[in-house]
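Copied from TrEMBL, the annotated features are:
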TRANSMEM  6-27  transmembrane segment
TRANSMEM  60-81  transmembrane segment
TRANSMEM  93-114  transmembrane segment
TRANSMEM  126-149  transmembrane segment
TRANSMEM  155-183  transmembrane segment
TRANSMEM  246-269  transmembrane segment
TRANSMEM  289-306  transmembrane segment
TRANSMEM  327-347  transmembrane segment
TRANSMEM  367-384  transmembrane segment
TRANSMEM  391-408  transmembrane segment
TRANSMEM  440-459  transmembrane segment
Amino acid sequence: MERAEAYGFWAAMSGAFLLSCLLFAAVSRRQRGPYMDEVFHVPQAQAYCHGRFLQWDPMITTLPGLYLLSVGVVKPAAWLLGWTGSVVCSVGMLRFINLLFSAGNFYLLYLLLYKIHQKNKAVSGFQRILSALTLAMFPTLYFFTFLYYTDPGSVFFTLFSYLMCLYGNHKTSALLGFCGFMFRQTNIVWTVFCAGNVVAEKLNEAWKIEVQKKTDEKISSRKGSFSDLTRILQFLVQYLLSPKNLITLTALTWPYIILVSLFFVFVFINGGIVVGDRSSHEACLHFPQLFYFLSFTVFFSFPHLLTPTKIRKFLLSWRKHPVQYSLITVISLFLIWKFTYVHKYLLADNRHYTFYVWRKVFQRHELVKYLLVPFYIFAGWSFADTLKSKSIFWILMYFVCLLAVTVPQKLLEFRYFILPFLIYRLNIPFLSLYRQLLELAFYILINAVAFYLFLNRTFQWENSDEVQRFMW
C-alpha cells in the first residue's frame, strides 16, 4: 500500500467509524432495550457475563460464539476501565461489539479487494478504498452493526478466513472458519468454499496443461458454451478419480477437511444443524431461494448487472441459443411450481421488509411468481457474465456453495444473502469511477431510508404495548 493510499484508507475508515458512532448513539437513544432477536441474544450474553455458562435459552438457534467473544472483550475492558454494575454487559455495551466488527469488516474488505485484484494495475488505490467503503456500507449488513445480532461477527470471521486462505495460511483460515461456525452454523459452507479455492487453483493449472496438449482443439477454461462445459466436467471427473491427485488435494486442504469432519460430528450428536428451537428452522429444498438471491443481487448491484449493454447482450444470447434458454425456462417454472415454500414468519411479521416484498409482489396474483422467470434468467445470466474473469472451476465451486447456503432455507430472509453477495462482489471486476460513486450513493440512500423508518416510523400491534420498528 502506497503512502497516499494508506492515508486515504485510514481517513475513509476513520470517517466511516465516526459516522457509525453518531448513528449508534441515535439508535441507542431511541431503542434502549433489546429489540427483535436481541430479546434472546442480550439475556444470554448477560448470563455468560455473570458466569452462568450452563444457562441456555432454547429459543436461540446458533452456537454461543457471539456471547463468548462478547464476554472475552467486555470483561477485560470493564476491569481495565474500572467499570462495575449493570453497565458492564448492558445492551449498549454489547451492541458496541458489532460496531468494532464493522470497522474490522471494512479493513478486511479492503485487504481482500487488494489481494484478489492485485494483478489489475488499472485499478487505482482510490477505487479500492471506494469499493471497500461501499461494501462496508452494504445496507443489509450495515443495519445490524447497531443491534446485537450475529451477522457482523459472522461476516468478520468468514472474510478473515477467506483472506488467510488466499494468502495460503490454511491452518489459520480453518481456525477462523471455526470461529465463524461458532457464530452461525451455515458458515461451514464458506469453509468448504475456502478449500474449494485451493482445489479450483490446482484444477485450473491442470486444465491449462490439458489445453496445451490439445492445441488442435479450441478449449478454454473461460468459455461458456455447453460443449466446452461438457469437456470440462469430463476432465473434472477424471482428475478427481486419480488417487495421486486426491492425495495432493488432501495434503493441501487437510485443515478444512478436519473442520468439516467436526461439523458432521456436531450434526450427528446434535441431531441436526440447528441448536435450540428447530420448529421454525426446518431444512427443505427451496430452489426459488436462488432466484430471490439473484434478484437481491441485481437490486444491490444494478450498476454492475442492470445496464443497457448487458440487456442487449442477453437478448442476443437468447436469440442465438433459443433451445437452451427454453429448457432453462421450463426447469425454472417447474422448480417454482414444485418447490416454493412460504414460511409462517414471512406472512405474519410485518416488521421485516420481506413481508412487504412478498405481499406487494408475490401475493398480488398466483401467476406473478411464474411471470418473473424471464427476469430471473436475465439476472442469472448477468450474474454469471460478471464472473467470466474467474476460472470455470472457481465458478462451479462458488455456485455449489451458493446453492448449499440458500436452497435449504425455508424462510425468505435477506440476512442469509449477505455472505454469498459479498463473496460475489469481491470477485467481480471494478466498475468505472462514476458507477462506483453511483453504487455508494445508492447504498447511502437506502441506509438513510432504512434508519429513518427504524427510528421515526414506529407502530404498535393491537395485542401489544411494545413499540415496533421496521427493519431488514
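Glycine is no exception: its Cβ is also placed from the backbone N, Cα and C atoms.
Among the listed stretches 289-306, 391-408, 440-459, the one sharing the most Cβ pairs under 8 Å with the transmembrane segment (367-384) is 289-306. Where the transmembrane segment (126-149) meets the stretches 60-81, 93-114, 155-183, 440-459, the count of C-beta pairs under 8 angstroms peaks at 93-114. Listed as Cβ neighbours of the transmembrane segment (155-183) (distance under 8 Å, sequence separation of 6 or more from its ends, same chain) are residues 62-66, 68, 101, 104-105, 108-109, 111-112, 115-116, 141, 190-191, 193-194, 197-198, 252-253, 255-256, 258-259, 262-263, 418-419, 422-423. With Cβ pairs under 8 Å as the measure, the transmembrane segment (440-459) is packed most heavily against 6-27, out of 6-27, 246-269, 289-306, 327-347, 391-408. Within the chain, the transmembrane segment (289-306) has long-range Cβ neighbours (under 8 A, six or more residues past its boundaries) at 138-140, 332, 336, 372, 375-376, 379-380, 382-383, 386, 402-403, 406-407, 409, 412, 414, 417, 420-421, 424-425, 428, 431, 435-436, 438-439, 442-443.
The listed stretches are 6-27, 60-81, 391-408; of these, 6-27 has the most Cβ pairs under 8 Å to the transmembrane segment (93-114). With a cut-off of 8 Å between Cβ atoms, the residues of this chain six or more beyond the transmembrane segment (6-27) that come close are 95-96, 99, 102-103, 106-107, 110, 125-126, 129-130, 132-133, 136-137, 145-147, 451, 454-455.
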